[in-house]
Amino acid sequence: MKTTIKEQYLVSTFFTFFLVHSSQTGLALLGFQDNISKNAQQDAWVSVILTGIVIHFILWLIYKILDEKHPDLMAIHHYCYGKVIGNCLSFFVLLYFLLQSLTVFWGYIEIIQVWVYPTLKTWQLGIVLGILIYYLVSGGFRLLTGFSFWGVVLPSFLLILIYFPIKYAKTTITLLPILNHSIGDILLSAKASTLLFLGFEWILIYYPFIKDANKSQKWAQFGTLYSTILYLIITLISFIFYNQEALQHTPWPTLKMVKIVHFPFVERFEYIFIFIWLLVIISPLCISIWACTRITRRLTRIPPKISLFVFLIMIVTATTSTKDFRSVEKISTITSEIGFYFIYTYIPLLFLIKHIKMKRNKSF
Amino acid sequence: MNKNDLTLEELLIAAKKSKDFTRIERSINGTKIYLSYFNTLVDHEIIQKSLLPYLNSPFLKNIDDISDKLPIEDITFTEDVNEIYLKLYKGHVILQNEHSPNECILLNIHNATLGLRQNNDAENEFSVIGPKVGFVEDLDTNLNLLRRKVNSQKLIIEEMIIGNMSKTRVAIVYLDGITNEQHINTVRERLKNLNFDIIWDTSVLEQIIRDHKHTPFPLLLSTERIDRIVYTLVNGQVTIFSDGSPNAISGPATLLDFFISPEDYYLNWVLGSFFRVIRILGILFSVFSSSIYVAVLTFHYEVIPKDLLGPLIESRANVPFPPVLEVLFLETTIELLREAGARLPTKVGQTLGIVGGIVIGQAAVAAALTSNVLLIIVSLSALASFTTPIIVMGNTIRILRFFFIVFSAFLGGFGIIIGIMFLLGHLFRLKSLGSPYIVPLYPFRRNSLADSFIRSPLSTLNKRAPYLRPKQLMKFYVKEMRIHKGDLNDEE
């Protein structure tokens, strides 16, 4: 198996910031507040910070796992478990990534249908989005990095919109009392906010595509830090804007907040917001599917274009197969559950196994 | 070049079929010599004043003296039939003597400027301030204009002959020690490998040597302005001239290069930056305005505020078509006007422009074919598309407009954003002579942004763009900054 990538396909080290950050932001940002405040209520912002800190640690673990000899997950699996079991595990990771991309794909189409085009059919949107993703992913990892860069820079002007909810929220009393919840509640909320940060684990796949990858940890950590700060701001603002009772009955709190934005020349700003949000989600969506094709390529001899086509067909058909809106929520819950155990259990485990193996090899 | 296995005899016989081929006989000291040339190509004044009298003169004792005695600059001795063939058709006179007819002396008496214009006002890329001389069809004139601006031993001009029918002289120009070898080699290789019959214009060369065939974007900068070409050369780009074309092409080019006008540098940086920003905003408006109109009026009229919706609906009240047909009708009309304007003789053109623009526009509104609002939008965006300093890019912008209209007609605002994604994905893939096309935006180069959307003061633009990988980064060193920092700092 060849693991070294040609120089011309590598991306600069500092793009790791944008890759990690853009993989973390996504669809979840539009409506996570109701989930995370279920247990810890107004104290859930503590949970966001807590999760952020743990994610920093997990990222550090990932950088410990990866090294020059074993620059990606498939190589690590081979090293730790041997060829057969390693490949099986890699295949399971592929399924998990595929599930992640399905969640985003499906979730975005649902938002488009609920908010903007109630009459448009799922398959129409699915096919258009599918063709777009095929076009972008077939351009290779460098192109996707470009999207992750511009997907962070361009939509950052949306942050100005924070002004509007602050203008309407006259009081900060909804944040009080501070820290009157048990640690258990806060941890449960922290678990719920893990979904926000999922996506950074794709670095296990694209690590060899980064120039001087071992020096990129700084940027990756900064990316995570920026995500944490961003989520913290949005959490605090939505806690100021809504009271806890209302928050529990609001499906997409962020979008609802955008609804109050209006300018003399434009109303219903959430339409524009949702459209621009495609810029934000397209890079995590494409990178997750790209990661699937990359794993396939490393495990089998199937050319990426074919596997990409097959994955997209699978995603589009899965999206169009059911008309039940609940199924998006179900699949998102399953994904975040799997993701939760993947990063908090499997990655530390992998770290341990690899280090035990390294030590044993050294002692011989 | 294609080798033909003709002998000199056959070559002359083939040439004799044409009426304008001339072969005359003279003798020097009893030795017969033959002069063969095409009288449509040579300069008769030189033949009569500087060639024939000398052949009869007593100074010329031997045929070998010719190169010393004749007042003609370009004289070559050769036996190479291919070279003779090539030069005969470029206006050289072949001189043979009867004893050794294969040893030819070639005299360059080409009437190079016959039928060509001597000067050119840069009419297509006009600028109010700054020099107005543009390139002409004659290669030597163009290179002369170039040498006048760049007085340096670094300016290197290489020449090749391209085109199996036209045998056009093509010049590759670059600055030695500044331009990256890789770019020069790419250009050399691509020109060497191309097969084509007649090089009509450098725009043909551009199409043949470009990196991607299937894209509406121009990948090499084509211009008739001298200052522009000098600027690209100084920055470390490679320029290609071809004989018979008043345009030079430069590469590797980037997308932003096409939105930069030389005038930006002639104005001070505040004004220059302002106009550049206006231009880029205008281009964005031009690309998106009509598709946004279609999207809003077909799918999301809710985004228009109440007060604005009334007048908009009112102006559209009598129009029987859906917005997309209305837009396509008006856009096609504008395109028609533009195309007709480009083809019409200049004298008729202006009159018809007024008739087309005002009369047809007003009549279309009166006949309820379009709304007033759309008329404003479409004509403004047509106007904005002409702000691109490079004409070819203006055409690309107008094509893109139709692309977005179609997308927005199907899916509204979502269609537009999907279109933007496709466009970005396309731009990320494009390369110009192997370098990324939308650098410095991606791959992101922070220090190249000083001369991109804005134009920083000239003293800060003393570095060449790093993405061109020049062999010498600094253009000049700023010795002292004579900037007046305000009276507070003046101690004396």
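Each residue, glycine too, has its Cβ placed from N, Cα and C.
The following features are taken from TrEMBL:
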- A:44-63: transmembrane segment (TRANSMEM)
- A:84-109: transmembrane segment (TRANSMEM)
- A:115-137: transmembrane segment (TRANSMEM)
- A:144-166: transmembrane segment (TRANSMEM)
- A:186-207: transmembrane segment (TRANSMEM)
- A:219-242: transmembrane segment (TRANSMEM)
- A:271-293: transmembrane segment (TRANSMEM)
- A:305-322: transmembrane segment (TRANSMEM)
- A:334-353: transmembrane segment (TRANSMEM)
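The transmembrane segment (A:271-293) shares more Cβ pairs under 8 Å with A:144-166 than with any other stretch in the list A:115-137, A:144-166, A:305-322. Long-range contacts of the transmembrane segment (A:305-322) within the same chain: residues 98, 101-102, 105-106, 109, 122-123, 126-127, 130, 133-134, 137-138, 289-290, 292-293, 296-297, each at least 6 residues beyond the stretch ends and with a Cβ under 8 Å from a Cβ of the stretch. Residues 26-27, 73-74, 77-78, 122, 125-126, 129, 198-199, 202, 204, 277-278, 281, 284-285, 288-289, 291-292, 295-296, 298-299, 311, 314-315, 318-319, 328, 331-332, 334-335, 338-339, 342 of the same chain sit 6 or more residues outside the transmembrane segment (A:84-109) yet have a Cβ under 8 Å from a Cβ within it.
Packing against the transmembrane segment (A:144-166) from elsewhere in the chain are residues 11, 15, 18-19, 21-23, 25, 136-137, 233, 237-238, 240-241, 257-258, 260-261, 269, 273, 276-277, 279-280, 282-284, 286-287, 290: each is 6 or more residues past its ends and has a CB under 8 Å from a CB in it. Distant neighbours of the transmembrane segment (A:115-137): 105, 108-109, 143-144, 147, 252, 255, 270-271, 274, 282, 285-286, 289-290, 293, 308-309, 312-313, 315-316, 319-320, 323; these residues of the same chain sit at least 6 beyond its ends, with a Cβ under 8 Å from one of its Cβ atoms.
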